[in-house]
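Report on the structure given below.
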Amino acid sequence: MEKKMFCYQCQETAGNKGCILKGVCGKDFSTANLMDLLVFNLKGIAIIMTSMRRAGVKADYRKADKAIMESLFATITNANFDYSSIAKRVEKTFALKAELYSLAFTQGIELPENEAVTMQGKPEEYDRLALSVGILRETDEDVRSLKELTIYGLKGLAAYAEHADRLGYVDEEINAFTERALHDVTMGLLSAEELTALVLETGSFGVKVMALLDKANTETYGNPEITEVNIGVGSRPGILISGHDLKDMEMLLEQTEGTGIDVYTHGEMLPANYYPKFKKYNHFFGNYGNAWWKQREEFETFNGPILFTTNCIVPPKANASYKDRVFTTNATGYPGFKYIESDQHGRKDFSEIIALAKTCQPPTEIESGTIIGGFAHHQVLSIADKVVEAVSSGAIRKFVVMSGCDGRQSGRNYYTEFAEALPSDTVILTSGCAKFRYNKLQLGDIGGIPRVLDAGQCNDSYSLAVIALKLKEVMGLDDINKLPIVYNIAWYEQKAVIVLLALLSLGVKNIHVGPTLPAFLSPNVAKVLIENFGIAGIGTVEEDIRTLIA
């Protein structure tokens, strides 16, 4: 069968081998190919930037740093489906590459004769050029696997760096590493062993970027606190905000105050309810709906406008009534959806969304009651003595980390069934949208400690690492793997990849990953991860309960 594209970066890739005609996500082949060209341009920019850094050139690298992070983010699964949006990024990166090339030349820097550096193109040439720079350009399966594992980790890292940047938090070391890593996977000079080391180094920078984002979020909005979140609806029109960007959340709440419009979170924005600064807004009503993949039904019943601040977009059905009510911003895009630009100071005008909301009916109730969350590291460590006592007394036998992503595949019911089957002396630690598989189950508590502790968004997996390291210290252990903590993680896209690599860099072993192992892991690379880190897939609920809860 003719390959019109090749992409295998997400968990739902066709046949767990790769999408070759159209993305399972809904992305058409021309847009997918154009993303390959965009990433290729970023590699060229990274080679130039790394060469200049190594030569000690003093220059303003900010423009290039932002271009790399924002464009990597735009290629994450379900972030941007808009060919024209990606084409604009390709055009800008060609121009930036030429500008940097000229700067390097004037500084007397000899750049590598790599096609990623030298390639230039016009819009009418993009589709042709894109066909020559895709993933399969690397013919060695194992080398390709290690390179793509690094790149997908960098995409997740870039997403977190971009969120932190929007709050004014930037780490130049993270930017420089991202560029060096792109340089290294492109130049083709590293052995398989060196590429494996680069994968783990990417994980260590994943820890750094999650720490940076945690600092940005908590210093700006306060430490998340235990919160009961309303999952019902009010009597006023609403705006539904999805994604991960807390800066957009803040601006939307500011601009809707006093307008008669309520604001609801959806999907990964649920943890915004846990931050003290947002609680002062009386019109911040609660959370509507569940994980990202249910949006086709939930957006219909919400009745009001929807704002995507980041992934995950699901292409609407042709007859969807909500298509004209969806807005995108930042790295996101979809043909026909309106895009909200930011000004030179990062501010956005949401007046069009607010005006539309005023013409809409209130949300239709799809559930009622409350759910509890807000168990990030600051909150949990404030009751560390209670937690350690519960472990020491045997009241808590195991903590089960079930962070990660949710998805559409029917096999993901496994995670609901696994949570239900866990013994009553176990506690689930979660973050990311995987939580929606079990955060509404009535699993009770252990001595006042809820059996599902939600730390927040996928990046708040950092909180779970902080908690684990603190418990290791308090319990006097010399190895993080001696803690009564096991890992059964669901993955979907590239932010889950950087979380996994971060855990590996911290020395965590025996992580179970599902519902399938990534297609981009070649048999040999998978073997290395299995032998060195104990990485495993999932089996049946009964088998995995026996394996993990000994």
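Cβ coordinates are placed from backbone N, Cα and C, and glycine is handled just like the others.
What you see is a predicted model, and the numbers here were worked out from it, not measured in a lab.
Annotation comment: Swiss-Prot describes C7, C10, C19, C25 as [4Fe-4S] cluster binding site, evidence class sequence analysis. For H244, E268, C312, C405, C433, C458, E493, K495, the entry in Swiss-Prot reads hybrid [4Fe-2O-2S] cluster binding site, with the evidence type sequence analysis. Look at Swiss-Prot and you will find C405 tagged as cysteine persulfide, backed by sequence analysis.
Known features from Swiss-Prot, placed on the structure.
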{"residue": "C7", "record": "[4Fe-4S] cluster binding site", "Cβ neighbours (10 Å)": "26"}
{"residue": "C10", "record": "[4Fe-4S] cluster binding site", "Cβ neighbours (10 Å)": "25"}
{"residue": "C19", "record": "[4Fe-4S] cluster binding site", "Cβ neighbours (10 Å)": "24"}
{"residue": "C25", "record": "[4Fe-4S] cluster binding site", "Cβ neighbours (10 Å)": "23"}
{"residue": "H244", "record": "hybrid [4Fe-2O-2S] cluster binding site", "Cβ neighbours (10 Å)": "27"}
{"residue": "E268", "record": "hybrid [4Fe-2O-2S] cluster binding site", "Cβ neighbours (10 Å)": "29"}
{"residue": "C312", "record": "hybrid [4Fe-2O-2S] cluster binding site", "Cβ neighbours (10 Å)": "26"}
{"residue": "C458", "record": "hybrid [4Fe-2O-2S] cluster binding site", "Cβ neighbours (10 Å)": "28"}
{"residue": "E493", "record": "hybrid [4Fe-2O-2S] cluster binding site", "Cβ neighbours (10 Å)": "25"}
{"residue": "K495", "record": "hybrid [4Fe-2O-2S] cluster binding site", "Cβ neighbours (10 Å)": "33"}
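C433 (hybrid [4Fe-2O-2S] cluster binding site) has a Cβ environment of 25 other Cβ atoms inside 10 Å. C7 ([4Fe-4S] cluster binding site) sits 24 Å from H244 (hybrid [4Fe-2O-2S] cluster binding site), taking the C-alpha atoms as the reference points.
Rounded to a whole number, the C-alpha distance linking C25 ([4Fe-4S] cluster binding site) with E268 (hybrid [4Fe-2O-2S] cluster binding site) is 18 angstrom.
Rounded to a whole value, the Cα-Cα separation of C312 (hybrid [4Fe-2O-2S] cluster binding site) and C10 ([4Fe-4S] cluster binding site) is 12 Å. Here the C-alpha separation of K495 (hybrid [4Fe-2O-2S] cluster binding site) and C10 ([4Fe-4S] cluster binding site) works out to 10 Å. In the three-state DSSP assignment, the secondary structure recorded for C10 ([4Fe-4S] cluster binding site) is coil. Among the binding-site residues H244, C458, E493, the ones whose Cα sits within 10 Å of the Cα of C10 ([4Fe-4S] cluster binding site) are E493. Within 10 Å of the C-beta of C405 (hybrid [4Fe-2O-2S] cluster binding site) there are 25 other C-beta atoms, taking all protein chains into account.
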